[in-house]
């Protein structure tokens, strides 16, 4: 495509695109007007140089313009990760989302099938009985009645099908690995956002601020997890009241025992679904601890807990009282209605 060639030529020299140039270039990519060779060369040129913040904002703008939107109540948040950490861990953010919603914070969760593990959010939720691919009206009902919905990325970002074959052929991470988490169809302004590399935390937090988010914790575990981990400390870059601050979370300071990395490894969707149900039914496992800790952080991001200690207590109570299990049961029922 001739109109795409100037953008390809510019990134091939190592120069960065402006925000508007990036938006136009990605609009071409998402429209299916670009050949696989052009798309692959463009994405790898960005990857080798490293994507600039304005390029990410522009690309996200192009994807957001094409996405199928969902109406969400005020104060709704997302708990999401980039994936790609190659940990094979349990579905931590999914269980944390259920617990958070049971505490009264609406969670408009956005996700997909597995990226680097054997079970992504969509995979485990399907194994739990949640119906995927709902339309915006049905998702709004899930939020209203269960306090939680799952927006299947394939349904809301159909334009990404044009680059899917290229991403498979490249076989490596590209900017599209982080675009999905930046483009929540419900337009939430609060996120607990896990990244696969510590170097991404501050740039992506600033990108989310540019895109309209007001409260964000971007996290990266010392073990490489794109979650708040319980095997050691987690680095946090937080956006609060228009300012960026950095701090570290140590699970031991919150009364949680350190886990071994193998304690957090999941398996296939059915195995992970059974482990998730066991936690909601009262099992005291490392999976419970890491999910409670991440839910606690989500409660702080949402303004529903003053600090992590209060958040841990609220999240644990939601599990122990059966409220979290009831939230999952409602989500299954409403999504299948």
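A Cβ is built for glycine as well, from the same backbone N, Cα and C atoms used for every other residue.
As annotated by Swiss-Prot, 5-phospho-alpha-D-ribose 1-diphosphate binding site applies to 81, 84-85, 89, 91-94, 109-117, 121. Long-range Cβ contacts of residue 93 (5-phospho-alpha-D-ribose 1-diphosphate binding site) within its own chain (separation 6+, distance under 8 Å): 79, 80, 81, 109, 111, 121, 192, 194, 227, 294.
Sequence-distant neighbours of residue 112 (anthranilate 1 binding site) (same chain, 6+ apart, CB under 8 A from its CB) are 83, 120, 121, 122, 152, 153, 154, 180. Secondary structure at residue 112 (anthranilate 1 binding site), taken from DSSP and collapsed to helix, strand or coil, is coil. What Swiss-Prot records for 81, 112 is anthranilate 1 binding site.
Note on residue 227 (Mg(2+) 1 binding site): other Cβ atoms within 10 Å of its Cβ, all shown chains, come to 29. The Mg(2+) 1 binding site annotation in Swiss-Prot covers 93, 227 and rests on sequence analysis.
The anthranilate 2 binding site feature in Swiss-Prot is assigned to 167; the stated evidence is sequence analysis. Counting only same-chain residues at least 6 apart in sequence, those with a Cβ under 8 Å from the Cβ of residue 167 (anthranilate 2 binding site) are 43, 174, 176. The secondary structure of residue 167 (anthranilate 2 binding site), as reduced to three states from DSSP, is helical.
Secondary structure from DSSP puts residue 227 (Mg(2+) 1 binding site) in coil. According to Swiss-Prot, the feature Mg(2+) 2 binding site maps to 226, 227, an assignment based on sequence analysis.
The shortest Cα-Cα distance from residue 226 (Mg(2+) 2 binding site) to any of the binding-site residues (89, 110, 113) is found for 89. Counting only same-chain residues at least 6 apart in sequence, those with a Cβ under 8 Å from the Cβ of residue 113 (5-phospho-alpha-D-ribose 1-diphosphate binding site) are 120, 122, 123.
Residue 226 (Mg(2+) 2 binding site): 28 other CB atoms within 10 A of its CB, across all protein chains.
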